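Listed in Swiss-Prot for this protein:
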type   : residues : note
DOMAIN : 1-42     : domain 'F-box'
REPEAT : 145-170  : repeat 'LRR 1'
REPEAT : 171-196  : repeat 'LRR 2'
REPEAT : 198-220  : repeat 'LRR 3'
REPEAT : 225-247  : repeat 'LRR 4'
REPEAT : 249-271  : repeat 'LRR 5'
REPEAT : 278-299  : repeat 'LRR 6'
REPEAT : 304-326  : repeat 'LRR 7'
REPEAT : 328-353  : repeat 'LRR 8'
REPEAT : 354-378  : repeat 'LRR 9'
REPEAT : 380-405  : repeat 'LRR 10'
């Protein structure tokens, strides 16, 4: 009995890439199904993969045949190695819809332009962290990518208003725009952007040229479907919420990042909880003007809030944390790093969160071993990541207890705690990672799941 091709193809779709490559030589019909499947998405994991790919294909007679099926190209993981030599080969593709060249700083403008010209169906482009990306690349995009929906040019410091305005005007389907630290952009771009009505995600963090809070308010009001807004460090836009219409409720907003806005007030948080009543994630790190009153306001988000970052909000106390966490029981990630007034009392409330997966308490210098014991308790069944670095009141005894008893723990950092550095516990620390601040090297101490498992085995053998 001959199995229909449709059934064969359905079975083949469950196979891994290596198995598919072997099966592609079985017959022509299988090959015709497998080749497009293998080539739909190309992601390079390391330099060896990139060079092997290039060396294999550069002299292949079928190279154009293969590239016609390429739809998603991701070179971000080989950003240090990708050059024009490699990118020239990629320009044979004509059907790419998703392009990620994040951090690929060794490629030139002409080849980027050619790749854009060859692929008119691009819907997602990521050129972030190409620090010297020429400003006129935006003109290439606006001229050649009419179907663009998502653009990420974060940290591309040469981008200017002229190109950004063209993108906004000529790409009518654009609904995700990520432009952090594009410091040459001004209110001209913000004004044009405020005329759109279908934005889903917007990141303008670090865009120091944006000054008009009223314009941002109009943008938010018009884009009722906006789900994510990040504006870290945009100090002159801090009070945009006060310009919103009193009757304007924006229930679509799920994630709001307002880090490093020292002028943000408790009254602003009160308005935020009223306007964005279904927020899941709220980031308020270094908003030093906030007090326990803000935490009281956040209790209005009790049903929706799952992620909250309040690091370095120095006026927050145990009372505020207790009040907040009595209501907000669905939190999975909470960070109070640098909140110097917090004590074991606050951690006792944190430890009772039934779905807690990640907690940050770095530099909470008033904590004692009791806090760590509490985190190790019966509610820790989901706890995966704990950050306790520079909590100088802790000892190796409590940290060892946490590592042994919290079975779901995958990461624990206790850097800078002298009472731990001088014990055998430190010998289980993971290797010091590349790029770490030199001042942290002598006091580094952290554990991943591998080291935690080794420690548990060590303890079991000693019992």
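Backbone N, Cα and C define each Cβ position, glycine as well.
Values in this document were obtained by computation on a predicted structure and should not be read as measured data.
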Revision key, fill the gap. Given the repeat 'LRR 2' (171-196), its same-chain partners at Cβ distance under 8 Å and 6+ residues beyond its ends are 123, 128, 135, 141-142, 145-161, 164-165, 202-212, 215-216, 218-219, 222-223, 230, 232
Point to revise | Distal contacts, the repeat 'LRR 5' (249-271) - CB-CB under 8 A, six or more residues away | key: 203, 205, 220-221, 224-235, 238-239, 241-242, 277-291, 293-294, 297-298, 307, 309
Revision key, fill the gap. Across the repeat 'LRR 8' (328-353), DSSP yields 7 helix, 3 strand, 16 coil
Point to revise | Reported mean pLDDT - the repeat 'LRR 10' (380-405) | key: 94
Check your understanding: Quick one: DSSP breakdown of the repeat 'LRR 7' (304-326) into helix, strand and coil?
Key -> 9 helix, 3 strand, 11 coil
